[in-house]
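Student: Take a look at this one; I'll ask things after.
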Amino acid sequence: MEPLRLLILLFVTELSGAHNTTVFQGVAGQSLQVSCPYDSMKHWGRRKAWCRQLGEKGPCQRVVSTHNLWLLSFLRRWNGSTAITDDTLGGTLTITLRNLQPHDAGLYQCQSLHGSEADTLRKVLVEVLADPLDHRDAGDLWFPGESESFEDAHVEHSISRSLLEGEIPFPPTSILLLLACIFLIKILAASALWAAAWHGQKPGTHPPSELDCGHDPGYQLQTLPGLRDT
């Protein structure tokens, strides 16, 4: 079992060094947030996904993806203990791994989907630490092993933390924009209804006076000629 594990560790180490891989370190039992920045204009209208790399040339098995409707990408979607949310205006894809476990360690990808193809936004190597106070000791790393092997990898400041139950993150830019659009639409609709009601009134028309007694002003009383001579 140990030789097999050593081979896996060496494989992941070489793979992470060959690519521009970012290392995210998390503590077992806590939550880890992974951020993947991207060009919001280039990837406008595209769904995003989080997948796990299977082998050097194997496929990247999808773990979770954003909402099928791109406009709702800001909504958090869960698959087991993994969540994904996309700030399409800010250009940041955020993945949350809740209750981090040793088997969660490994190589992942943030992807931008277009049709049947996918562009890699960032390669991520997740490390699971046994003790946050002793994370520099290689013996406390479940995966992938010694830190000296990641000379070419960029270590992100992403030590995991416990999420409080009452903690509510600030809404992303997409939510604020959606609320602003809804508010603007309501204002425009109210203005249109008010304008239609104002134009519907006919200026200069007055209700009939009580002195008319119901007679048509076009008819007048005339004296008969025979009655005038008598």
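Using the three backbone atoms N, Cα and C, a Cβ is placed for every residue, glycine included.
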Student: Of the residues Arg76, Arg77, only one is listed by Swiss-Prot in the 1,2-diacyl-sn-glycero-3-phospho-L-serine site with His67, Asn68, Thr88. Which is it?
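Tutor: My reading of Swiss-Prot gives Arg77 as the candidate in that site.
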Student: Can you tell which of Cys36, Cys51 is bonded to Cys60 by a disulfide, based on Swiss-Prot?
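Tutor: Recorded disulfide partner of Cys60 in Swiss-Prot: Cys51.
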Student: In Swiss-Prot, Cys110 is paired in a disulfide bond with which of Cys36, Cys213?
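Tutor: Between Cys110 and the options Cys36, Cys213, Swiss-Prot records the bond with Cys36.
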Student: Checking the spread of the 1,2-diacyl-sn-glycero-3-phospho-L-serine site as listed (His67, Asn68, Arg77, Thr88): what is the longest Cα-Cα distance, in whole Å?
Tutor: 15
Student: Measure from the CA atom of Thr88 (1,2-diacyl-sn-glycero-3-phospho-L-serine binding site) to the CA atom of Cys110 (disulfide bond) and give the result in Å, rounded to a whole number.
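Tutor: Answer for this pair: 14 Å between alpha carbons.
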Student: When you rank His67, Asn68, Arg77, Thr88 by Cα distance to Asn20 (N-linked glycosylation site), which of the binding-site residues ends up on top as the closest?
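Tutor: Comparing Cα positions, the closest of these binding-site residues turns out to be Thr88.
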Student: Reported as an integer number of Å, what is the Cα distance between Cys36 (disulfide bond) and His67 (1,2-diacyl-sn-glycero-3-phospho-L-serine binding site)?
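Tutor: One finds 17 Å between the Cα atoms of these residues.
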